[in-house]
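Novice: First, the structure itself, so that you have it in front of you.
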Amino acid sequence: MRFPLLLTLQASWLTVCVATQHYPTTWGHYDLCKSHGYTDEGPTWYYMACQPEAADMTKYLKVFLDPPNITCGDPPETYCTLENPYMCNNECDAATEELAHPPELMFDFEGRNPTTFWQSSSWKKYPKPLAVNITLSWNKTIELTDDIVITFESGRPEQMVLEKSLDYGRSWQPYQFYATDCLDAFTMEPKTVRDITQHTLLDIICTEEYSRGYVWKNDKTVRFEIKDRFALFAGPKLHNMASLYGQLDTTKNLRDFFTITDLRIRLLRPATGATMVDENNLSRYFYAISDIKVHGRCKCNLHANSCIYDKEKLTCECEHNTTGPDCGRCKRNYQARAWSAGSYLPIPKGTANICVPNSVGPVNCECFSHSNRCSYIEVLNTVICVSCKHNTRGQHCQLCKLGYYRNASAELDDENVCIDCNCNPFGSDTDRCNGTGYCKCKEGATGAKCHECLPGYLWDNGCKCK
Ligand SMILES: [Ca+2]
């Protein structure tokens with residue numbers, strides 16, 4: 001029986017504060033979507049940008065192979081080792097559990113000995129290339145937060161491309177090319193991640209770093225370096241995440257670079273060892289992968305701090321009145337202003353950019369013709385008019401400014417709705433008046449505007465005793 005799995009997301013503030021730690025989980029700053037608070041108007045919610053904690057994303061993917069029947073063992077095959085063509089005691093048989101190498105063994109728990117791995121058929125149709133595509137699909141946008149690491153139990157491929165899709169597999173872009181000879185395989189100059197700068201971060205490179213060295217059995221991994229790329233903005237130990245957030249906030253291309261819905265590993269040529277391909281012993285050449293690491297975050301546009309995994313699909317638990325798998329739109333009845341993603345800025349709590357309920361205030365910035373500009377006050381969850389003219393004030397310019405009073409014979413949208421109190425500056429206490437225009441007089445003064453004196457008083461810049 002399958003239960004929905006809730007990714008819980010309590011960021012560890014402790015870890016954030018340990019400055020000397022390598023690669024602190026500073027992304028965890030954004031772990032709360034809202035908090036309770038108080039204003040003059042009573043209790044309210046304060047909204048903050050928030051996002052789910054980074055996690056092992058291989059638990060939530062589906063894997064597809066192309067060709068679909070490329071996994072070894074049907075019919076059963078015997079394999080030789082690359083180093084010693086006479087050592088042919090590895091058997092693959094899909095019908096026997098202990099001898100089968102299905103794709104899910106690329107994602108099971110590793111750390112056991114011997115390792116478990118997926119394995120392809122051997123290169124029986126040489127010289128036709130032995131090419132295999134491994135597609136990992138999340139059916140959901142995710143943001144990569146750590147290096148992608150692929151561990152090969154065969155030799156590492158001599159040619160391979162890592163590709164990504166941002167549109168659920170409709171279109172693909174390369175992430176990185178891998179070859180023993182980049183010029184020969186892809187007509188690209190060989191580079192490494194160390195050649196990349198802030199300005200060339202989006203460049204796609206070919207690297208020879210992860211293809212050579214089959215003889216060194218420990219060099220089994222092929223890597224796509226995410227953290228080295230982060231470090232170009234956040235510093236070598238990722239101390240200055242604020243700088244990275246700032247860049248991610250303002251540069252959509254950069255944000256998209258680390259965002260994927262699918263990954264595709266295109267295996268184009270298996271390891272062949274140091275010598276020519278031995279056509280008489282093609283059982284030496286195949287692909288075998290024991291582990292693929294993809295660490296990332298369920299992408300919710302900074303509008304959710306958790307995702308649920310239900311019916312084999314990740315979905316954001318949207319806050320801020322947003323909805324959709326990525327919190328990518330406003331809920332019904334919360335469309336008083338256009339949807340926008342949350343922002344990492346200002347550090348450390350960001351801006352929630354919540355969706356505004358239609359029912360809070362008039363939807364179309366109603367200011368009784370005294371203003372045509374409104375502003376949304378997030379703390380109060382309210383739309384208010386800005387720069388009310390004609391001596392008005394208030395959320396909808398429905399009140400008179402101090403020193404003015406309501407003209408009882410004018411409608412609310414009349415330019416003359418507010419009349420100057422016109423209180424005599426010497427005779428009255430303040431320049432304010434009541435709702436009928438009467439000013440508050442100083443001792444001895446009288447009249448609506450306090451410009452006359454009571455009996456026994458004489459006018460002399462105000463009313464003085466006789
Ligand atoms: Ca495994």
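Cβ atoms here come from the backbone N, Cα and C positions, even for glycine.
Pasting the feature list from TrEMBL:
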type     : residues  : note
DISULFID : C421-C433 : disulfide bond
DISULFID : C441-C450 : disulfide bond
DOMAIN   : 46-297    : domain 'Laminin N-terminal'
DOMAIN   : 421-466   : domain 'Laminin EGF-like'
SIGNAL   : 1-19      : signal peptide
Novice: Which ones in the same chain are close to C441 (disulfide bond), with CB under 8 Å and 6+ residues apart in sequence?
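Specialist: C441 (disulfide bond) has long-range Cβ partners G427, S428, D429, G447, C450.
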Novice: Does DSSP put C433 (disulfide bond) in a helix, in a strand, or in coil?
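Specialist: For C433 (disulfide bond) - judged by DSSP and reduced to three states - the answer is strand.
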Novice: Hey, does DSSP put C441 (disulfide bond) in a helix, a strand, or just coil?
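Specialist: Going by the DSSP assignment, C441 (disulfide bond) falls within a strand, counted as strand.
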Novice: Which ones in the same chain are close to C433 (disulfide bond), with CB under 8 Å and 6+ residues apart in sequence?
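Specialist: Result: G403, Y405, C421, C423, C439, K440.
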Novice: If H, G and I count as helix, E and B as strand, and all else as coil, what does DSSP give for C450 (disulfide bond)?
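Specialist: C450 (disulfide bond) sits in coil per DSSP, no helix or strand.
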Novice: What is the Cβ neighbour count of C450 (disulfide bond) at a 10 Å cut-off, with all protein chains included?
Specialist: 24
Novice: Averaging the per-residue pLDDT over the domain 'Laminin N-terminal' (46-297), what integer do you get?
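Specialist: Value for the domain 'Laminin N-terminal' (46-297), mean pLDDT as a whole number: 93.
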Novice: I want to verify one value. Collapsing DSSP to three states, which class is C421 (disulfide bond)?
Specialist: coil
Novice: Is it possible to get the count of other C-beta atoms within 10 angstroms of the C-beta of C421 (disulfide bond)?
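Specialist: So the Cβ neighbour count for C421 (disulfide bond) comes to 22.
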